[in-house]
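Below is one structure, written out as structure tokens, with a few remarks after it.
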Amino acid sequence: MNSKKIRKEYVGTERNQVFDLLKLYAMCSVVLDHSLKRWIYGIQSTQLYNFIFLSQMPIFMFIAGYFFYNNFKKEYSKEEIMKKAKKIIVSFLIPFTSFSIVTSIISNDFSKIIVNLVESFLIPDNSLWFLWTLMWIEILMLCAQFLGKQVDIKNDRWDTKKLVISGCIFLLLLIPVAVLYFKFPQYFETKLIIYYSLFFVFGFICRHLTLMYNIDNKVIRSIGFVCSFIGIVIVMKEHPNILNDAENITNMGIRVVGSVCCIVFIWNVAKLLIRFKCVAKCSMLGAYSLELYYMHLVLFAFPETHNYLNFSNFMLGIVTYIILYVTTIITSFLLIFIIKKNRILNFVIFGKKEVIKNEN
């Protein structure tokens, strides 16, 4: 698959290149996370894993919120809101559903396909919880924006006030989600919806500030780069095993601060790296980050991928791990490109209509 074919679905502005690079980093980190847990014993107690944990999914939610802001600038009727909500649900539920079916087939558990499918909705953590979480966050934010725009305020700062009003409504809409969590904490992954909505809102606000007040300048970026790096060092030093910290308000707040610092730091690093042509070309693969999320988990559904590596010879173990990791990435992308050439498979599996066309 050459870069010209990939470019068919790729928007080539510098801003989008930066965010595609962010998505590519985040998804490769997710694959790294899952492969480390499967192949290296005790890796979750290391600072490497801490950084991966703090950065990977928060970056995705940040990017989703950043670009969801585009909806904020548009006026939607009630019918258009319903149509857009339906589109969000379909685009997320199709891959969510197909994943449960595919993994059931891989495990030769044909008799429990329906049961596994129902369980995936009740306990999304056993399936593509990220898509489930993002779907509900986007629907709630869409509702909040629509309700916020019903308030009749007109002045020079209307956009900012409208954003604040919509944000308050969004918080109110999260209250039933929180109640559901306290009533049935084991179901629907409501805790993840509440937690990751913070990074979605952070991206939403950053987009607003960038457009309204031009915060994306060299001085602010430099300050953000330094402060975020210091924040990461402090959080990781004071909480060397943050994944296993007790989930109280204080520790969750520290996690959020650490993740926000990671987002700002990696965002600034991406802006520096994107200047290199080879990095810019690789960033195009970020357009398929959700597909990579899906496909690598399908590969990891095979029982043969659940064996710890032998590290009696440390260097041999490291080399073996790197080979397996790279092979997982390459195999996932090959399968993605094969599927995306077929319109039906692309829609049934990934819930997307765009296909990669062959060039003459």
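Placed from the backbone N, Cα and C atoms, the Cβ positions cover glycine too.
Annotated features in TrEMBL:
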type	residues	note
DOMAIN	19-336	domain 'Acyltransferase 3'
TRANSMEM	21-41	transmembrane segment
TRANSMEM	47-68	transmembrane segment
TRANSMEM	88-107	transmembrane segment
TRANSMEM	127-147	transmembrane segment
TRANSMEM	163-181	transmembrane segment
TRANSMEM	193-212	transmembrane segment
TRANSMEM	219-236	transmembrane segment
TRANSMEM	256-273	transmembrane segment
TRANSMEM	285-302	transmembrane segment
TRANSMEM	314-339	transmembrane segment
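Taking pairs at least six residues apart, the transmembrane segment (47-68) and the transmembrane segment (193-212) share three or more Cβ pairs below 8 Å and count as touching. Tertiary neighbourhood of the transmembrane segment (127-147): same-chain residues 57, 60-61, 64-65, 68, 71-72, 76, 78, 81, 84-85, 88-89, 92-93, 95-96, 99-100, 103, 120, 166-167, 169-170, 173-174, 177, 189, 192-193, 196-197, 200, 204, 290, 293-294, 297, selected by CB-CB distance under 8 Å and a gap of 6+ residues from either end. Contact check: the transmembrane segment (163-181) against the transmembrane segment (88-107) gives fewer than three Cβ pairs closer than 8 Å, residues 6 or more apart, which falls short of the contact criterion.
Take the transmembrane segment (285-302) and the stretches 21-41, 88-107, 193-212, 314-339: counting Cβ pairs under 8 Å, 21-41 has the most. Between the transmembrane segment (314-339) and the transmembrane segment (21-41), three or more CB pairs separated by 6 or more residues in sequence fall under 8 Å, so the two stretches touch. Within the same chain, the transmembrane segment (21-41) packs against the transmembrane segment (256-273): three or more Cβ pairs sit under 8 Å, each pair at least 6 residues apart.
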